[in-house]
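Okay, structure first, notes after.
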Amino acid sequence: MEKKESLDSSLKEIVSVCKRRGFVYPGSEIYGGLSNTFDYGPYGVELLQNLKQLWWKFFVHLREDVVGLDSSILLNPKVWEASGHVSNFTDPLIDCKNCKTRIRADKFLEDQKGEGFATGLTLEKMNQVIKENNFSCPNCGQRGTFTEARDFNLMFKTSHGASAEDSLDIYLRPETAQGIFLNFKNVVSTTRRKIPFGIAQIGKSFRNEIMARQFVFRTREFEQMEMEFFCEPGTQKEWFSHWVNYCMNWLTEQVGVKKENLRIREHEKEELSFYSEGTSDIEFKYNFGWGELWGIASRTDYDLNQHQKFSGEDLKYQDQVQNKKYVPFVVEPALGVNRLFLAVVTDAYQEEKLPDGEIRTVLRFSPKIAPVKVAVFPLMKKDGLLEKSREIFADLSKLGNIEYDDSGAIGKRYRRQDEIGTPFCITVDYDTLKDDTVTVRERDSMAQERVSVTRLRNWLFERL
């Protein structure tokens, strides 16, 4: 039986509302689960779709200099040799000899000695610190039972082929970026794009994390929204600055994340990825502390040069204006969809005490990303209120995901929608049958307003 991973206490309220209201479920739950796997429920998948569509709108559709791509998860294994992932995509691993628990050494040391302590430490130095401090195992409590730290490759390996004789060892991709680099030449040829331009995609990636934890923040299966922006060498710093600012503005102005919950952190030289000349993270203040949300990296010409070398293909760009050929430099904004999901739920979550002493839990999502835009309630299930409510519901469905609910007391229906994050609730009552108006209740202020049915859709459209 696989060990259950303990839940960070700071996340319990977030996890509770996500499970209770159908945002996130434990994976394979009826079979006892599988650690660090999650399924997104009806409201979770709506929130994810809204976030992805909003990203695609502002990073592809509203830009003349970016196009889209959907590359394969399974790639020729030579791709990962060329990219450096086979030899360099590792984390330091230690084992407890007593209970067999596997631990990521650098994160363990930072838990013991403070954030940033392990930055730049070699395996030898990590081993020295662990021995000198005689740390106890966080699982069994025994001291002095750790193995020597060693590199652990994070890529999932599988077989490609129907029989052992002709099967090929391949990997599930650990990032979506390489599929973009492989198609750089195809995109230039078929779209006639001129540098500077970007290629964006949304897709699943897989990393065999040693310590997958903190709910959906660090999972072995995750989704990325990545873009590789190709530019002329010497202009990458200007574009790097552009994308850091563009990404930050998108989070605050479009998604609605509070500015005080975001910060930009520049990587130290010792913590840079093997392909990067400079990286800045947009970090979010999660319940467990600051964590990477969005990484913007200057990947130079590393990837295209490596694929030229290993494949034999000429991946240089022919600049017709300057009449010269060069390998473009690349700036990469890479955003984890699951981390963004956790960030917006955390940012929106609030508990407030009402005048009657009741505690109200509410998710204050921006209307742009709210999984349900409007909920329609008949006050009673009789006297024509159901029919009128259904008529209004059908008319409003053109605005997006609209929910209909005729079960339970109105107050409880309001509370349920508060926890889902629905911006507006509409109650159809007996006055509706008299004067064709409804009560519209706003989520954050709980203020109520009578609005005529004839102008209801436009009234909501202006606010969603």
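Going from the start of the chain as shown, residues are counted 1 onward.
Just so you know, glycine gets a Cβ as well, placed from its N, Cα and C.
Cross-referencing Glu175, Glu277, Glu283, Glu387 with the substrate binding residues that Swiss-Prot gives (Arg104, Phe222, Glu223, Gln224, Met225, Glu226, Glu332, Pro333, Ala334, Leu335, Gly336) picks out Glu175. For Arg218 (ATP binding site), the number of other Cβ atoms no farther than 10 Å from its own Cβ, over all displayed protein chains, is 19. The distance from the Cα of Leu335 (substrate binding site) to the Cα of Arg220 (ATP binding site) comes to 16 Å. For the binding-site residues shown (Arg104, Arg207, Arg220, Arg339), fewest C-beta neighbours within 10 angstroms: Arg220. Sequence-distant neighbours of Glu226 (substrate binding site): residues of the same chain at least 6 apart with a C-beta under 8 Å from its C-beta are Glu175, Thr176, Ala177, Ile180, Ala200, Gln201, Ile202, Glu332, Pro333, Ala334, Leu335. Take the Cα of Glu209 (ATP binding site) and measure to each of the binding-site residues Arg104, Phe222, Gln224: the nearest one is Arg104.
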